[in-house]
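Participant: Dumping what TrEMBL says about this protein:
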type: DOMAIN; residues: B:27-184; note: domain 'Cytochrome c assembly protein'
type: TRANSMEM; residues: B:21-44; note: transmembrane segment
type: TRANSMEM; residues: B:64-84; note: transmembrane segment
type: TRANSMEM; residues: B:91-114; note: transmembrane segment
type: TRANSMEM; residues: B:120-142; note: transmembrane segment
type: TRANSMEM; residues: B:154-173; note: transmembrane segment
type: TRANSMEM; residues: B:201-221; note: transmembrane segment
Amino acid sequence: MSAVAALLRREAWLAARSRSDWLMPPFFLVVVVTLFGLGAEPNDPRLARFAPAILWVANLLAALLTLERLFRADHEDGTLEQMVLSPLPLYLVAACKLLSHWLLTGLPLVLLSAPLGAMLGLDTAAVVALVAGLVLGTPCISAVGGFVAALTVGLPRAGLLLPVLVLPLIVPVVIFGAGAVRSAQQGLPVDAPLYFLAAILAVCVTLVPWVCSAALRNAVD
Amino acid sequence: MWTWFHRLASPPHFYRLAERWLPWVGVAAAGLLAWGWIGGLVFAPPDYQQKDAFRIIYVHVPTAAASLSLYTMMAVAGAVALIWRMKLAECVLVATAPVGAGMTVVALITGMLWGKPMWGTYWVWDARLTSELVLLFLYLGVIGLQQAFEDARAAARACALLAIVGVVNVPIVKYSVEWWNSLHQTSTILKLGKPTITADMAVPLYAALAGTFLLCAYAILRRVQNELLWRERRTGWVAELL
Amino acid sequence: MDANFWHMSGYAAYVWGSFGVAALVFVWAGLAPRRRRRELLDSIRGSAEDV
């Protein structure tokens, strides 16, 4: 347990030192959503209809920005090798990395999405559905993205490859997440898509650390 | 039985076995495809609802079936490669991806060309079409990932992990799109009347199915041979071969 | 072959387009690995002679 705490502390320490890393995704999210607002007609009510898709895709892309670097620095300075060789189970290390990624990039994006949703014309019920969906969905993005980042960690062209590999895998999360917001907009119950998201999250939490550690081992070997 | 299995997994043995069988596989594939296509284009009577447009079935159904089966096979080969560290399974995995991607492209294009006259549109966001499209992305992802690696073994193992995660993902994608559509799309235009299929329609379809699968087998085996040649290029048996 | 056959009851573009695409990809699937093998054997032979 103390090892987990140490790993998480290390991530927080590293993040505190390179502030641009975790300030960039929220900034990106704001800029993308603003550009959608500016690209549409002024005060177009139809913007609210596309808001679920805009916000979810913007969140996804913002999270993708930092994923490439999730294991890269550790790989370059040899820390990753130490982690693979350490007596600590590698899936625990992977789980810590993914958790810290979500806490540092996913969570700020979730919190920022609420005012941005209101800006795009979502009503209160829809904003609640958006935030609830993002709370369940962004950890899945961190998990799946982290897995792909682990697969591509040693590669020179990882930056191009990563989004191409992540996007098809994340399709269900976007469908259910944006679906929850749309249901709320139409006054329909939102629990079904949120349950689906929770199920996907459960699958991600239980399985991804293991495949992620296998991918890391493959990258280091 | 196990000695037979181990011998099959040895690269030179597999290479020679494939060399012996491949001409027959190729001839059988060409023959069955010719039978299926000519039978389907010339001898099968036109469908009473879809007229001659139904003939697209002879390319669409076999390639769609192949695209799904090959992906499953790729994931199984990936699991074998990861669990038993079997080199041959790695080669099969790497060889399957481009062939499967080709089949998926044909299934998608023929599906669109069939959809236009029948449904009035090239594309609908229906569960089958969308999951087929995601399947294509997954195939392309495996190909891209494989080509990004320098080391063939590391590449194959990374692809194996991706293929396995993808195989978990495809049913979820299909289910999610079904759910998504059931809520918003009330159009029932997709409900095609199941055509009463007669023997002169069905037999060419079975021939085309068998032919397409054999063609895939041929292409994959040839690619496995190439992969083995390249990986073992510094060993004795390849030198003997030249 | 009569004109009816090529006409495909008005669906000619769709039917022949489908079969054309399939034929192209099938020919590629069958021939591409053979060409690759020739290249491979040549390059392996070439590097063997260098040694």
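Note: Cβ is positioned from N, Cα and C throughout, glycine not excepted.
Any idea what these are sitting next to in the structure?
Facilitator: Listed as Cβ neighbours of the transmembrane segment (B:64-84) (distance under 8 Å, sequence separation of 6 or more from its ends, same chain) are residues 90, 92-93, 96-97, 99-100, 103-104, 107, 111, 132, 135, 138-139, 142, 156-157, 159-161, 163-164, 166-167, 170, 209, 212-213, 216, 220.
With a cut-off of 8 Å between Cβ atoms, the residues of this chain six or more beyond the transmembrane segment (B:120-142) that come close are 64, 67-68, 71, 74, 97-98, 100-101, 104-105, 107-108, 111-113, 159, 162-163, 166, 169-170, 173-175, 177-178, 180-181, 185, 189-190.
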Participant: At an 8 Å Cβ cut-off, counting only pairs 6 or more apart in sequence, do the transmembrane segment (B:21-44) and the transmembrane segment (B:201-221) clear the bar of 3 or more pairs?
Facilitator: yes
